[in-house]
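Below is a structure I'd like to ask you about.
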Amino acid sequence: MPKGRQKVPHLDAHLGLPICLWLELAIFFLVPQVMGLSEAGGLDILGTGGLSWAVHLDSLEGERKEESLTQQADAVAQAAGLVNAGRIGELQGHYLFVQPTGHRQAMEVEAMRQQAEAVLARHEAVRWHSEQTLLKRAKRSIHFNDPKYPQQWHLNNRRSPGRDINVTGVWERNVTGRGVTVVVVDDGVEHTVQDIAPNYSPEGSYDLNSNDPDPMPHPDEENGNHHGTRCAGEIAAVPNNSFCAVGVAYGSRIAGIRVLDGPLTDSMEAVAFNKHYQINDIYSCSWGPDDDGKTVDGPHQLGKAALQHGVMAGRQGFGSIFVVASGNGGQHNDNCNYDGYANSIYTVTIGAVDEEGRMPFYAEECASMLAVTFSGGDKMLRSIVTTDWDLQKGTGCTEGHTGTSAAAPLAAGMIALMLQVRPCLTWRDVQHIIVFTAIQYEDHHADWLTNEAGFSHSHQHGFGLLNAWRLVNAAKIWTSVPYLASYVSPMLKENKAVPRSPHSLEVLWNVSRTDLEMSGLKTLEHVAVTVSITHPRRGSLELKLFCPSGMMSLIGAPRSMDSDPNGFNAWTFSTVRCWGERARGVYRLVIRDVGDEPLQMGILQQWQLTLYGSMWSPVDIKDRQSLLESAMSGKYLHDGFTLPCPPGLKIPEEDGYTITPNTLKTLVLVGCFSVFWTIYYMLEVCLSQRNKASTHGCRKGCCPWAPRRQNSKDAGTALESMPLCSSKDLDGVDSEHGDCTTASSFLAPELDCPPHQPPDLLQGKSGQIC
């Protein structure tokens, strides 16, 4: 045996191990108890089991020192047969009395409880006491019985945590879109599906194709009129009904405007954008011009006016929120800046990424894209699970919704969550919050650039991925941005040739401080460029805009399928890549021809620059960024914290009317009848005047002119002094009448009394027949 180590007498190996274990257990229980009796730290251990009472000693705050209160607490606890475990947190005069340790029978424990209650109830130093019981608390989490909810990876991605819209934490705080109405402008909404029916808003719905209030989709040969119903389910599908799936804003109301299932006119589009705009808060539009890589189109005159009117007067003056899809023409090399809905300053343009955060094959790029959210990708990746129609081949649920058509409704639902916590967000507030909170992420296809204001943007993903948690927390403390300021340059006549690559045409325009003084514009939001260019092949043109900071925007990307020979006629491109930068400085428009064919050179005829922004300074933007980041912990996201909202404007609902073919036919018939009646009336008046010019008389008979008429003329007698017409009554007695009425006076009362004929024409005539 090694020196220094001796065997303890009578301690065999088979007894040593149990004894050591008993010693360790004794130390484990006794040491915390001793520590707990001397300080409040023991509260955590002794207060979790056995009998315990919270006791408030009768002493006013600040009147007695903590030492004396502790001594008094020890004495009261001892009198009750308990042990003072220390002060409860930071509550002065509040102590926890616990049952002394030791195993006791049930009857003994009950006797101790009664004794303690009796002592504490009658002790003069005890103001209040309460026996502590175990409270049932659970970590807040969301559980739905909807069978397809586990497959809704875009809401809660369990396979790849973090690759979702981060909405469950918002739901746990009871933010579900309550009080907000989202309308899906599409091919109809089957509102009788059980996932939609409880949240359906008939007040915000309409069918512009059939001109009735019910937007129910109509079956078609291609079984394709389920698009609007799927979008509606993404937004507001009802949870916990044991059917299909859950919507992003499942507490919101959902409406439908059926407009895409038939011929569409500019007037119908205008009506759709403003239909029930005091009821509907958000307009979700998953449609646009053809995504064929060769179309340049957008809202026409009435549609543009309706968008502008919506953001000015909709939602009691806070502005309707228009969410549009960026388009699915990626496989055709299309670009969403050729889509007038996607590059409008009045819309929120949303693109798509797949489950892995990559840009799908169908997604379009553009400088006007605001943000992206999740959708389906290729066949190996999961698509969006949502409600479906149950007409024709539909089952009421689908796992195959995809495209930017699926991304835009998710964004609309997240905006509904924002409006619940801050109903007075303006349409520009929503855009700003998206810019401030979108998350940049790595994608080898993305060309991320950080602008002068610190915002990162890519043509593929806008300012980044929408995050519901960040959006809602930012909305909770958001105060409105200043009024919209704008600057429009004069129409700049150029008439310069566009050279072929690698050469380029560069034109400049300097925006000075004086130019911006009247509007107060300091920092940018949207920048628009309107160009007129002739070119034999429009798709060969490439247009880039450089802001004063040097931030480049590819506003007009080349398109291989666009062979239109007419060029651009006053087409407006836009960019948001200069958001937050200073407005003053030199703007450069660079145009080049990247085509390979030896065609005639294009001509830049004219262009115009339009700046949109506010009087915010760069410092104001930095301060707002810091404020929002401080709110991302969720500390403001509770009902107790609410910023005051200004009252909205009282704007009456103005029902629009669509010119349907039957209505147009009716108007044509009424118009033709009106023209016929007008011609008849004019002929009647002309004939009446001609008859009066040849005849003059009175209603009751002959009207011989008195001989003194000539004398009156010679004497200069006034017109009103001329004698009245005379006629003979039934007795043959001459009488004068002051009422000269003709048969035509009923049609032309202003011609009742024709002018008197000259006396020389009356010579030789004894009278005229009426």
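Just so you know, glycine gets a Cβ as well, placed from its N, Cα and C.
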For the set Asn199, Asn240, say which residue Swiss-Prot annotates with N-linked glycosylation site.
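Of the listed residues, Swiss-Prot records N-linked glycosylation site for Asn240.
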For the compositional bias 'Basic and acidic residues' (215-225), find every same-chain residue at least 6 residues outside the stretch whose CB is under 8 Å from a CB in it, and list them.
187-192, 205-207, 255-258, 261, 389, 391-394
Taking a Cβ cut-off under 8 Å, which residues six or more beyond the ends of the region 'Disordered' (195-228) line up next to it in the same chain?
181, 183-184, 186-189, 236-238, 241, 243-245, 247, 250-262, 268, 271-272, 275-276, 279-280, 286, 387-389, 391-394, 396-398, 405, 658, 660
Are there residues of the same chain, six or more positions away from His227 (active site, charge relay system), whose CB falls under 8 angstroms from its CB, and which are they?
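Listed in sequence order, they are Asp186, Asp187, Leu260, Ser286, Ser405.
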So if I draw a 10 Å sphere around the Cβ of Asp186 (active site, charge relay system), how many other Cβ atoms end up inside it?
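So the Cβ neighbour count for Asp186 (active site, charge relay system) comes to 29.
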Please classify the secondary structure at His227 (active site, charge relay system) using three-state DSSP.
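DSSP assigns His227 (active site, charge relay system) to helix.
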By DSSP assignment, list the helix, strand and coil residue numbers for the domain 'P/Homo B' (480-617), in that order.
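Its residues fall into 8 helix, 73 strand, 57 coil.
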